[in-house]
Amino acid sequence: MSGIDPKRFGKVAVLFGGESAEREVSLTSGRLVLQGLRDAGVDAHPFDPAERPLSALKDEGFVRAFNALHGGYGENGQIQGALDFYGIRYTGSGVLGSALGLDKFRTKLVWQQTGVPTPPFETVMRGDDLAARATDIVAKLGLPLFVKPASEGSSVAVLKVKTADALPAALEEAATHDKIVIVEKSIEGGGEYTACIAGDLDLPLIKIVPAGEFYDYHAKYVADDTQYLIPCGLPAQQEAELKRIARRAFDVLGCTDWGRADFMLDAAGNAYFLEVNTAPGMTDHSLPPKAARAVGISYSELVVKVLSLTLND
């Protein structure tokens, strides 16, 4: 697809594993990315920061990194800052975009100030009176609701709450994962979609139809009964406009090069953006490979395209 000489990349580290709650997903993503790059002739090597110090990257002559870490320090700006310090080019967003992209609370604040539509929400802090906050939130937002830790990915500890009685326990569970919990009004009627972003590639939207209540961790990485609709079924003009808004949602956070923007449609077709992902999963269940495959781009071609974005000034 790209016609890039793989020798231009030099010695490439595929970063995967790490120590976040998403370690197992990252291990799967990283192994596939590693194989995809090697299939294209790239001099790629595995590197798990949970097992080796990052300083080894410089010591061992790596000049480039494909970041397949998910969550935690791999996605919150820390790895990005360290790679900047060592002068190693890397895939995905820089420090600011990565940090904001993993923080759903501050993402939503930026979107509110820049005109990107996002569901109404409330925040709960660890240590708050959960019963009192639950009563207040239901009065403001109604039901159903989604409860989310502010800084976990892969839908870790995300719960859908349909009754007021269930909300305090959901808040307590989410607060074990993060000191800030987001409670978001559930957008109903139009379905869930994702826009995959990879440089200048024009990738189709994907409509996600999980067998269960919503697109949770199990539906993302375990179940085989989630439906991924490509084409997504929307009129071409609407799809193009939604992709434009998705790119804006990505850009205003300082995110660059590649990732995902997830959103819901209500019954009237209005979009509400949920989150971005600056280091998307690359497993066989993951969305970017599916979107690429739908337009004739193989897994290996996709990872080379993503890596090629590190060649840009």
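Just so you know, glycine gets a Cβ as well, placed from its N, Cα and C.
Straight from Swiss-Prot, the features:
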- 108-308: domain 'ATP-grasp' (DOMAIN)
- 138-193: ATP binding site (BINDING)
- ASP262, GLU275: Mg(2+) 1 binding site (BINDING)
- GLU275, ASN277: Mg(2+) 2 binding site (BINDING)
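Where Swiss-Prot records a feature, it is marked here on the structure.
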{"residue": "VAL138", "record": "ATP binding site", "contacts (Cβ under 8 Å, 6+ apart)": "LEU145, ALA164, LEU167"}
{"residue": "LEU159", "record": "ATP binding site", "contacts (Cβ under 8 Å, 6+ apart)": "PHE146, VAL147, LYS148, ALA170, GLU173, ALA174"}
{"residue": "ALA166", "record": "ATP binding site", "contacts (Cβ under 8 Å, 6+ apart)": "none"}
{"residue": "ILE180", "record": "ATP binding site", "contacts (Cβ under 8 Å, 6+ apart)": "PHE105, THR123, VAL124, MET125, ARG126, PRO149, ALA150, SER151"}
{"residue": "ILE187", "record": "ATP binding site", "contacts (Cβ under 8 Å, 6+ apart)": "PRO119, MET264, LEU265, ASP266, TYR272"}
{"residue": "ASP262", "record": "Mg(2+) 1 binding site", "contacts (Cβ under 8 Å, 6+ apart)": "GLU192, TYR193, THR194, ALA195, PHE273, LEU274, GLU275, VAL276, ASN277"}
> GLU173 (ATP binding site) has how many other Cβ neighbours within 10 Å of its own Cβ?
Replying inline: 14
> Including all protein chains displayed, how many Cβ atoms other than that of ASN277 (Mg(2+) 2 binding site) lie within 10 Å of its Cβ?
Replying inline: 26
> So what's the average pLDDT for the domain 'ATP-grasp' (108-308)?
Replying inline: 93
> Including all protein chains shown, what's the count of other C-beta atoms within 10 A of the C-beta of GLU275 (Mg(2+) 1 binding site)?
Replying inline: 21
> Where does ILE187 (ATP binding site) sit in the DSSP three-state scheme?
Replying inline: coil
>> Please give me the CB contact count at 10 A for LEU145 (ATP binding site), counting all chains in the structure.
In response: 27
